[in-house]
Ligand code: NA
Ligand code: NA
């Protein structure tokens, strides 16, 4: 358990760093596009596509960090009314389902990546498959963080947030 | 069969406590399996739902809201509002309404607004003799204005959801909705809500005798004088300037509405880091990290909602719902009432982003048939969604407010009805009086907005 | 079985009506065995999404702009080359004929079955002022779709290509964020861009067609007779489509004139120098000997 926490807390911190870097990059590239167009009458054509790749990275890494820190919105008022034992098993089910979702993201993005590999993103010349890379990594993180929660539940411990 | 799996799957997962985004995603994946559809299509729809150029504004508006929140802008707005109305009966309540409405314009997000205003005002109000429930309700409901302001990322989501809208209203062809037209449609409704909220807050304070100290004495603060009001106003102006910046950027042809969000972030950064020097490095990192995480949570919801939208279109559900409603009535005002009721009920369960993406394709075509344009319908939808934010059991804004005020959801809900009423009057006005939401954007953009 | 076909246009748009008619014919030809259900209004996703779904086999058929295939099938770029077609007769003769069939056949190796092209009229420039010569367009910010070809096309004319989402074009033209945009008459009418950019100069710089595509994954599970029936029905739908499209284009032109737009007719455009300016774009996108041969075949068609 301890080595797992060491790995996942580091993973989640790195996910957060990547998401923050992508958000900062997103800001820079969009402002750069505005300045180039407005001041120099020379709009860089690739801004839109780069920005789209960055925003999906912010989203997937941010969402993954949200899984570890239990940041996603859910309905817990009904589960709260159950007996502690039932509540425990509901919680286990939630974590198992989250693992399943992560695996589905992973598998689906691999499939999509393979089927769109030969197409190119306009104005970038990059393969369309790159669009699915953040989803693939996000899927892995979703699964890993949910497994950590699962183990923590059985061990009777809490997952300590790696950032606030 | 597929429909049963979709609906039942979603409800069971939700009740089990699975996060909403994952519940929608898994219910859709199960339906894909039942339908025998390749499940990677689900992932494709999720990614394409998130990969929309106008959605770039979402991280930017959220980031700018966080910067304003952690950069000390909130205090200046509170000071102004307190000096203006703080000396009236229930003065802090009234000040809270004004400040929450103003900061709603700065942040464009009811949740950010509640954390900012609630964080400052609720403790002060509790200390100075207001009940916690009163403090929480005033903050959370006045914060809903944020969803209708030009800085609102929910408006961006709506503009995207409405882009396929077509139809004819009074000889004018409708083709989607432009963000530029939408941006200023909410200001009149927001002003109306603020006035109603002021009345409600005053009335509730008067009937409970707030503020009341422990020994029962009434305590009202003194008017600081007009020069103090002016000073506080000037101090809060740069923060409020973010709305002006967006207006100027779009109207002067400097940026698109989407890019204006990036300019709003740049402005917030300059303001808090360079001008006020209130932004510490730690707070800057915190704002960046919180914005990333919130972006992730919201965009994931948007992605899975697109999955769901695809699934519903594939099963031809929108057509069925449209047919059912048209059999029920063809009278415009009754139809609009039905749409409002259904949306308020859906708002109880769904989060705002999911709510907008799922209900827009269902109801907008009907609304257009009933001569309600996409901008007016957007305001109606956003208000209905906003009401869902302060409604148990899944009321994100109410949840944040109660956490700050340290009271239970039930305790807050008990005395919230005057504020619900305030929002409901706004919903009715938006629904049945088109000019209420279309007059100002028509004036600003110079072409008729429907 | 019922084949699902996707489209981004509304139910009454010519492309959708043509595909519905194609379904009716297919149903008759197969004795009610096969038919087509059209999902319009982008309800199954954007053009890009639905093309990918057709490739996976999640969707049987799709009608999209052939521009959606520019990054997938190099041959699909050819009919989008600037000033390739002299006029609409030239377009019909080639794209509804052997050259069009050759391009459709090229979809096969990318995992698609190309069924038919539909014309989409000519795209022309519109701005606040007339665009008759290269000098008129020099330095203008022209809105383009995010496409390498359109970026090159506009740059070659000496203008500044500005990618922007369609929904923001109206405000962009109005506020001066962009100076010009380009589209065909029906879109110029529906989008009401004429309110912000009232001068439509018939540059007719590109005639990118619509294309009807079937999923190869699904196609390979069909019998020879079914495949033949689909091909015939698709080919016959062209006539249905053109019969609907022509009046639509004409009505749109009349509508924008009535609404106050000014039209600079094709005769007043300095087409020669425009064509000369676009030559490098042809060389940039028709790179292989096969593509070059196909281009000359179209150009030489009388
Ligand atoms: Na915002
Ligand atoms: Na709710």
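Placed from the backbone N, Cα and C atoms, the Cβ positions cover glycine too.
Taken from TrEMBL, the feature domain 'TRAP C4-dicarboxylate transport system permease DctM subunit' applies to B:9-435.
Look at TrEMBL and you will find B:42-63 (among others) tagged as transmembrane segment. Residues 25, 28-29, 32, 108-109, 112, 151-153, 156-157, 159-160, 179, 257-258, 260-262, 264-265, 268, 287-288, 291-292, 294-295, 298-300, 302-307, 309-311, 357 of the same chain sit 6 or more residues outside the transmembrane segment (B:42-63) yet have a Cβ under 8 Å from a Cβ within it.
Positions annotated as transmembrane segment by TrEMBL: B:182-203 (among others).
The transmembrane segment annotation in TrEMBL covers B:223-248 (among others).
Residues 56-57, 60-61, 63-64, 67-68, 70-73, 151, 153, 156, 238-239, 241-242, 245-246, 249-250, 254 of the same chain, all 6+ positions outside the transmembrane segment (B:260-279), place their C-beta atoms under 8 angstroms from a C-beta of that stretch. The annotation transmembrane segment is assigned in TrEMBL to B:260-279 (among others).
TrEMBL lists B:320-339 (among others) with the feature transmembrane segment.
Under 8 Å from some Cβ of the transmembrane segment (B:345-368) lie the Cβ atoms of residues 14, 20-21, 24, 49, 147, 154, 157-158, 161-162, 164-167, 169, 174, 298, 301-302, 304-306, 308-309, 312-313, 318, 321-322, 325-326, 335-336, 339, 374, 377, 380-382, 384-389, 391-394, 396, all in the same chain and six or more residues away from its ends. Per TrEMBL, transmembrane segment is recorded for B:345-368 (among others).
For B:380-407 (among others), the entry in TrEMBL reads transmembrane segment. Residues 20, 110-111, 114-115, 118-119, 122-123, 126, 132-133, 135-137, 139-141, 143-144, 147-148, 152, 154-155, 158, 186, 189, 336, 339-340, 343-344, 346-352, 355-356, 359-360, 363, 367, 372, 413, 416, 419-420, 423-424, 426-427, 430-431 of the same chain lie 6+ residues outside the transmembrane segment (B:380-407) yet bring a C-beta within less than 8 angstroms of a C-beta in it.
The feature transmembrane segment is assigned by TrEMBL to B:419-440 (among others). Sequence-distant contacts of the transmembrane segment (B:419-440) (same chain, at least 6 residues past either end, Cβ-Cβ under 8 Å): 137-138, 141, 144, 184-189, 192-193, 196-197, 199-200, 333, 336-337, 340, 372-373, 375-376, 379-380, 383-384, 386-387, 390, 448-450.
Taken together, the residues of the domain 'TRAP C4-dicarboxylate transport system permease DctM subunit' (B:9-435) have an average pLDDT of 88.
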